[in-house]
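Under the heading Cd(2+) 1 binding site, Swiss-Prot lists Cys15, Cys19, Cys32, Cys37, citing similarity to another entry as support. Feature annotation from Swiss-Prot assigns Cd(2+) 2 binding site to Cys19, Cys24, Cys39, Cys42. Look at Swiss-Prot and you will find Cys26, Cys30, Cys32, Cys42 tagged as Cd(2+) 3 binding site, backed by similarity to another entry. Per Swiss-Prot, the feature Cd(2+) 4 binding site maps to Cys46, Cys58, Cys64, Cys72. Taken from Swiss-Prot, the feature Cd(2+) 5 binding site covers Cys48, Cys52, Cys54, Cys58, and the record attributes it to similarity to another entry. Look at Swiss-Prot and you will find Cys54, Cys66, Cys70, Cys72 tagged as Cd(2+) 6 binding site.
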Amino acid sequence: MPAPCNCIETNVCICDTGCSGDGCRCGDACKCSGADCKCSGCKVVCKCSGSCECGKGCTGPSTCKCAPGCSCK
């Protein structure tokens, strides 16, 4: 039986404080909203307000690049 936080085995992405870095392996399909994802390899979804789009290499609100006048959350 796979570990519940092993996204690669279970094919379910768990973005939760209940998943520590131990045994938690997320693939590219794992996208979490916010900084609550404790899994290594999880991609954080970057959302920009309005019709703005995030720049490349965005890993979270702190490194989110949006068009001028747009805020990231």
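Cβ atoms here come from the backbone N, Cα and C positions, even for glycine.
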Inset, instruction - Count the other Cβ atoms sitting within 10 Å of the Cβ of Cys26 (Cd(2+) 3 binding site), across every protein chain shown. - result: 22
Inset, instruction - Reduce the DSSP letter at Cys26 (Cd(2+) 3 binding site) to three states and note it down. - result: coil
